[in-house]
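Please read the structure below before turning to the comments.
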Amino acid sequence: MGRPDPEEGELPAPVKPPDGGWGWIVLLGCFVITGFSYAFPKAVSVYFKELMKDFHVGYSDTAWISSIMLAMLYGTGPVCSIMVNQFGCRPVMLIGGLLASAGMILASFTTNIIELYLTAGVLTGLGMALNFQPSLIMLGTYFDKRRPLANGLAAAGSPVFLSSLSPLGQVLLEKFGWRGGFLIMGGLLLNCCTCGAVMRPLDMGMKRKMGKAQDKYEAKEMLPIGGKSEEGISTTDGTKKGKKAKKKPKKGKKLLDFSIFSNRGFIIYTISKFILVLGLFVPPILLVNYAKDTGVPDTEAAFLLSIIGFIDIFSRPACGMVAGLKWVRPHVAYLFSFSMLFNGLTDICSARASNYTGLVIFCVFFGISYGMVGALQFEVLMAIVGSQKFSSAIGLVLLIEAFAVLIGPPSAGRLVDALKNYEVIFYLAGSEVVLSALFLGVASYCCLNRGKKEPLPEKNPSVGGGSDTEEAESDVQEAEERSSDNHQPAHSTDNAVVVANEEANHVAEEQRGEGGGCPTADGEVLARDGCNADQMVERDSF
């Protein structure tokens, strides 16, 4: 990454999101993972007609395959959060890629619909979940200022893969049948392992190297050149070793942080997303079969999903760029609310489309609005809770959304079987999306804006455990203890005291500069120097 060598006396830069470099490779991996995670459950819908014939089941029964995939993607969120916090992102993603591939390969040998639920639904869904969530966490680790754009580009993976997987699935179905198609799809999912391999964590060990190099640098500046300088450096190294021996045990990182439920912005976001998911995925899942029932040929019906994907490809990055503007980013929640309202009204206005031209027009507007929702949903969550609590927040949000996924598409499928009418389904799905948009916009304005006018209490640093400010104070205290306990000759003791005090000041200043005065995850602001102004404005909106 072009960092200076810490052993040569140069002062290395503080560890922070690079907003580029290897982050672009991480973004590419996140692009592929997002594509498989969101497009795959929709793309398998092209096989539903054949599955209904082979297994003698109704449409609602086959719709459970997509629903179980999405439910596993969402419902295993807390499990993914715990595994990521315990083992890291890369090992979890490698395991997830193997599980996703194995699920589709085993599904090609199933003999009944239940076995299909367990293989293509549960196993593949779990594998994609173990890839999807860690990839988003890594994206937030590598990007800060460019995070809205990065989220938009990564989210564009969904339409790109949707526009390619649906026609590919139709071709595989015609040439190899649904069993051969599932087998080949399982091989494609092995690419998730490659994406997991590139998720290299940021070098957190640089902080320890930085401290040692900077102490030596300061010792050379303060002490005369010659024997005393060497003596001061060796004394500094001795104090570093004493620090490891005497350092007090710090609180470990929580595997799942439930304190985010005290954040009103997080509660509003979670309720809104639950209502949204009830209707968001229904139109694209039902679209292909709706077109086939109206007399549209199979190939042209599958092409409708490609139209949505093609429009979505440009909608997501464009929306990410707009969300990153200085005057838009503090109000990104309202932009998210508008995108949901746009999507819901598109469903309602297009419910009466009864020919191919009307369905194409619906796909164009649905692609625009769907892309806006996809580009903003995780950016809004990151802005509310912050990067430190994002791994826990996304797991809990996805778990709550899983219940909506299990209710929405299967209920729509049952209504189709009972009423033989798609118009009612589009009205119902659109109304749910509009309700979620209105709730998010009104609740954010009424609850959060009024809350900003009240004086904010000072944050207790002991809450949450292991904060940067807490560690800085601990290091200062330890440095003072070392200076008082050091039983060396007079000249070595003086040098050690000077260096230890300088070390304590440096550690405290470094910790403040890295975010000690930034807004907390609950929207509380600590008035200290060194806070990123963009982050203060962004978090303050919640």
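Note that the numbers count up from 1, one per residue, in the order the chain is shown.
Using N, Cα and C of the backbone, Cβ positions are placed for all residues, glycine too.
Per TrEMBL, these features apply:
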TRANSMEM  21-40  transmembrane segment
DOMAIN    23-448  domain 'Major facilitator superfamily (MFS) profile'
TRANSMEM  63-84  transmembrane segment
TRANSMEM  91-110  transmembrane segment
TRANSMEM  116-137  transmembrane segment
TRANSMEM  181-202  transmembrane segment
REGION    228-248  region 'Disordered'
TRANSMEM  266-291  transmembrane segment
TRANSMEM  303-325  transmembrane segment
TRANSMEM  332-353  transmembrane segment
TRANSMEM  359-378  transmembrane segment
TRANSMEM  390-412  transmembrane segment
TRANSMEM  424-448  transmembrane segment
REGION    457-542  region 'Disordered'
COMPBIAS  468-478  compositional bias 'Acidic residues'
COMPBIAS  503-513  compositional bias 'Basic and acidic residues'
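Highlighted: of the candidate stretches 332-353, 359-378, 390-412, 424-448, 359-378 has the greatest count of Cβ pairs under 8 Å to the transmembrane segment (303-325). Counting only same-chain residues 6+ beyond the ends of the transmembrane segment (91-110), those with a CB under 8 A from a CB of the stretch are 33, 36, 80, 83-84, 116, 119-120, 122-131, 134-135, 179-180, 182-183, 185-187, 189-197, 199. Proximity of distant same-chain residues to the transmembrane segment (332-353), defined by a Cβ-Cβ separation under 8 Å and at least 6 residues beyond the stretch ends, is recorded for 148, 265, 269, 272, 276, 279-280, 283, 319, 322-323, 359, 361-362, 365-366, 368-370, 372-373, 376-377, 379-380, 383, 422-423, 426-427, 429-438, 440-441, 444-445, 538, 541-542.
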